[in-house]
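I am attaching a structure below and will ask some questions about it afterwards.
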Amino acid sequence: PPLPPLPARTSKCVWGLLMAIDVTQERGLSHLDFKYLDGAPVCRFPLFNFLQPLPLDWMYLVYVVMFLGALGIMLGCFYRFSCLMFISTYWYIFFLDKTAWNNHSYLYGLIGFQLTLMDGNRYWSIDGLRRPSIRNAHVPLWNYTLLRTQIFIVYFIAGIKKLDADWVEGYSMSYLAHHWLFDPFKVILPVELINLLVVHGGGLILDLSAGYLLFFDATRPYGFLSVTYFHCMNSQLFSIGMFSYTMLATSPLFCYTDWPRRFFAHFPAFLRAVLPLTSPDQQPSASCVYPEISSTTPKLRFKHRLAAIFTVLYIIEQFFMPYSHFITKGYNNWTNGLYGYSWDMMVHSRSHQHVKITYKDGQTGDIGYLNPGVFTQSRRWKDHGDMLKQYATCLSQLLPRYNISEPEIYFDIWVSINERFQQRIFDPRVDIVTADWSPFKPNPWLMPLLVDLSPWRTKFQEIEGSLDNQTEIVFIADFPGLHLENFVSEDLGNTSIHVLQGKLNVEVVEEKKNYTVQPGEQIKVPAGAYHKVYTVSEDPSCYMYVYVNTTEAALQDNFTKLLEIQERARNGTETEPLPPELQPLIAAEGEEVNATDPIVQLFLKRQRRMKEVKKRREAGVLERFERFAVKKYYTIRRGFLMTAIALRNLAVGLPPLEQLTREVAFANMKAPQADGSQEERLKDEVGHGEL
């Protein structure tokens, strides 16, 4: 059956624009030279090991092709060719780096593939101007069916995945409840209920119901309101690029197909020349089958049957893929499958406490340690067995350059998923270089997630609630026969191990002494020294480190005293004259001071940074938008200038090094008020980065 081409073309136009922007943002055009380092020893994580990036200048050309393809989709210019330009380069870049995979990047590729097969250039397109025979022609119903079903699947399967016990009980995204976006709810609800009811309960209900709300006429206004609010919040909560705006752009697909015509008909007549057509005249299309039987209307052909079969099979495949992990068992870890096509968005949160990479020279037996993340720019390998295997293989090829022969590589990685105990994810006794791995067999060196210990999370909250603000705590679980080797920083002057379950043997390396610790008992471990914690019970052990950063605590005490002195000096209640090293405390705002005391320096630096943070948080809408626009301008500017340099290099060759240096420096130029380290400085403050 035929349908007007209006809403599909409108959504595709917006989608093409968003993809063009995405090329410079999340796809990485603006920092391509940092991502693909020519000649540098870098470990990469492609889906297929034979895939490798092209030389840097050629990678810029790949991105140019992808960008032009997105623009072609937006404008409806050489539409089918533009779609092929986009999806061929997009999927190449997608398969080139598994560490960048996520659900919405996968979705972009799927939509690009669908658009290639659709008649997306029938309305408000350059192709329509070039070819009057397709201008304002009908499009087949399966085009709409495919896109609507795809968006429905994104919502609905995401909701099904959120029926996971961790999400329902509020452990997946509990930190979100403290975000300022949820401040209005704090007027009537405590943070705990905001986390359970609003963050997790609201997210579950919206994902399960959004597709249905958008589909039916009676509920569509409520669906639009819900998903708009939801995606606007997500755009502020997460760094997810164009995803929120892309989902907003797809919502009109569920409306009646003539809504753009009715919408643009309200605009003034003098704008009609540049706006989409508003006349009801439409042309029949060879892609459609019409109910009327006449000599002039297309009849049912093989391509129509093929389109119907493809639509049915594609929809079945999309419902099957999120549950296909029983086939690709090698990619399963504590969560199933390669993250990206399961629609389990935000269901799992992880924190890493301890990562140790040990190498052993296969000829001499010498043992050494590598900095975690050496030779790679990603951190995702720590959670995925397939990436760990690729990383170990790459390290085994690079280490011989540093006189390490036939290296064996061992990983000791501790992870907490959804606020559980920190525990090992992979067996630290297995040489990953020679370990077996297959995409179709379970990973033999994956350690099981200790789900039986999940009820302890309720106890964690009670224990953490009983601590003061200066005391920190880490919960550990370990397997029988294994041990944790740990070093206590000298800043942590009061560190102890408390046993919750199982039996431990604690070895203090310097003292060469061993201590047996039972459940309910504790032992203090020395600062500035190594110790080892052995699990000697038959069942997994559970224990916790309780510690105080004595250096930071002392610094905070000094800050408090300095603040009191500063306030007394400024309000005239200070009776004693300030010594020279404290005189900078009463300097006028904006006045240059030369503090000689290091504590006073840190105190004044902290005050300046807190004022910056407060100023940014209290900025008005216009100031925030200006800051956002300037940041994006310089990001996009760098991407285009570096692209121009690369294309020039391909066309006429490399210029002299001095000229190339000047060109790159010009591309790196930033706004005066937004120097490169400002964002980092502001983020630093919360964690007292100056320590």
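Placed from the backbone N, Cα and C atoms, the Cβ positions cover glycine too.
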When you get a sec, could you say which of 152-172, 236-256 is annotated transmembrane segment by TrEMBL?
236-256
Would you mind telling me which of 503-523, 671-691 TrEMBL tags as region 'Disordered'?
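Range annotated as region 'Disordered' by TrEMBL: 671-691.
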For the transmembrane segment (58-79), give me same-chain residues lying six or more residues beyond its boundaries with a C-beta closer than 8 angstroms to one of its C-beta atoms, as numbers and ranges.
9, 12-17, 19-20, 22-24, 27, 29, 32, 36, 85-90, 92-93, 112, 115, 120-121, 124-128, 642-643, 646-647, 650
Residue list, the transmembrane segment (306-323) vs rest of chain: Cβ under 8 Å, 6 or more residues beyond ends.
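The answer is 110, 114, 117, 140, 142, 145-146, 149-150, 153, 157, 161, 287, 341-344.
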Please give the average pLDDT for the domain 'HTTM-like' (3-259) in this predicted model.
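Summing pLDDT over the domain 'HTTM-like' (3-259) and dividing by its length gives 91.
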